[in-house]
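A.B. asks: Below are the features I grabbed from TrEMBL:
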- 28-51: transmembrane segment (TRANSMEM)
- 44-291: domain 'G-protein coupled receptors family 1 profile' (DOMAIN)
- 63-81: transmembrane segment (TRANSMEM)
- 101-123: transmembrane segment (TRANSMEM)
- 143-161: transmembrane segment (TRANSMEM)
- 203-229: transmembrane segment (TRANSMEM)
- 241-262: transmembrane segment (TRANSMEM)
- 274-293: transmembrane segment (TRANSMEM)
Amino acid sequence: MGDKGAGNYSDVTDFILVGFRVRPEFHVLLFFLFLLVYGMIVLGNISMMAIIVTDSQLNTPMYFFLGNLSFIDLFYSTVIAPKAMVNFLSEKKTISFAGCAAQFFLFALFIVTEAFVLAAMAYDRFSAICNPLLYSVHMSRRLCTQMVAGSYFCGWVSSILQVSVTFSVTFCASRVIDHFYCDSYQIEKISCSNLFVNKIVSLSLAAIIILPTIVVIVISYMYIVATVLKIPSSEGRKKAFSTCSSHLGVVSLLYGTVSFVYLTSPSNLELRKVASVFHILVTPMLNPLIYSLRNKDVKQALRKILWNKKALS
């Protein structure tokens, strides 16, 4: 990292993304590893969206949210992975100032939006299990659309605030970001400005935007568990829990990997980078698998599409 007293640049035009500190020959291996995982992300999430759109039986609130989740997973990995792969094979490994700001903005937008969509999905499961007779009334198409639109709005507001404070600072002589994408922590490390406002904004956004999503998920599942335990038959309890297992798996993956990234010691940069790979690439790759392998409706819709395709050939 650069020396903060080495001079200031008020007209920074680009940054250098260090990526992983490995021997040059391993960069090719990393390129193909990222390419393989990213290819699976694209295939899995586009397939999930296609299944939901083409099968009329999946025209329900839960699959409306799931389709949006697949869209978000596809695009927030796309914001990071292609540029990282280009840099693995490039000597310069640079990203423009505008490109870095755009990458930071879009990643923050999609990750915050995903948190809200997962909270909406938790509320959907709460309504389906705790108030089944009023489910269709509570979870109308209009409400579902408003919840998704509200999720994107919160992501948009959060991203604008984060980008505004992060890229309004004065940068030091070093332009080196020790990561494979424009991470806020590493950007702040090469700043010469007082970061008090940045910290306040980050904490405020976490308290006002991120924390409520966790509260909604936790409270929803507290009510779900309490309701399911009152079901007399074990078969009924198993069926009720099965509708939530996929969502719980996705929530655990997202918050587990994000927590691991930010709870890892800042001094262990390479471990944080590896944790970020799980957060940015592995989670979006696994989400469609979790929903397709553990969901009878999705598997049935997939079999129907494959059968129709086979009959036409």
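Any Cβ shown, glycine's included, is placed from N, Cα and C.
Just so you know, TrEMBL annotations never went through curation; they're auto-generated.
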A.B. asks: Test of understanding: applying the rule of at least three C-beta pairs under 8 Å (pairs 6 or more apart in sequence), is the transmembrane segment (143-161) touching the transmembrane segment (274-293)?
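C.D. replies: Per Cβ check, the transmembrane segment (274-293) does not touch the transmembrane segment (143-161).
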A.B. asks: Give the nonlocal contacts of the transmembrane segment (28-51) in its own chain as ranges (CB under 8 Å, at least six residues past its ends).
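C.D. replies: Non-local partners: 19-20, 22, 58, 66-67, 70-71, 73-74, 77-78, 81-82, 84-85, 88-89, 281-282, 284-285, 287-289, 291-292, 298, 301-302, 305.
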A.B. asks: Counting only CB pairs under 8 A, let me know which of 63-81, 143-161, 203-229, 241-262 has the most with the transmembrane segment (101-123).
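C.D. replies: Stretch with maximum Cβ contacts: 143-161.
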A.B. asks: Counting only residues 6 or more past its boundaries, what in the same chain has a CB within less than 8 Å of a CB in the transmembrane segment (203-229)?
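C.D. replies: Same-chain contacts beyond the flanks: 112, 115-116, 118-119, 122-123, 125-126, 129-130, 154, 157-158, 161-162, 237, 240-241, 244, 248, 251, 255.
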A.B. asks: Could you tell me what the rest of the chain brings near the transmembrane segment (241-262), counting residues at least six beyond its ends with Cβ under 8 Å?
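C.D. replies: Answer is 62, 69, 111, 114-115, 118, 121-122, 125, 128-129, 214, 217, 221, 224, 228, 272, 275-276, 278-279, 282-283, 286-287, 290-291, 294-295.
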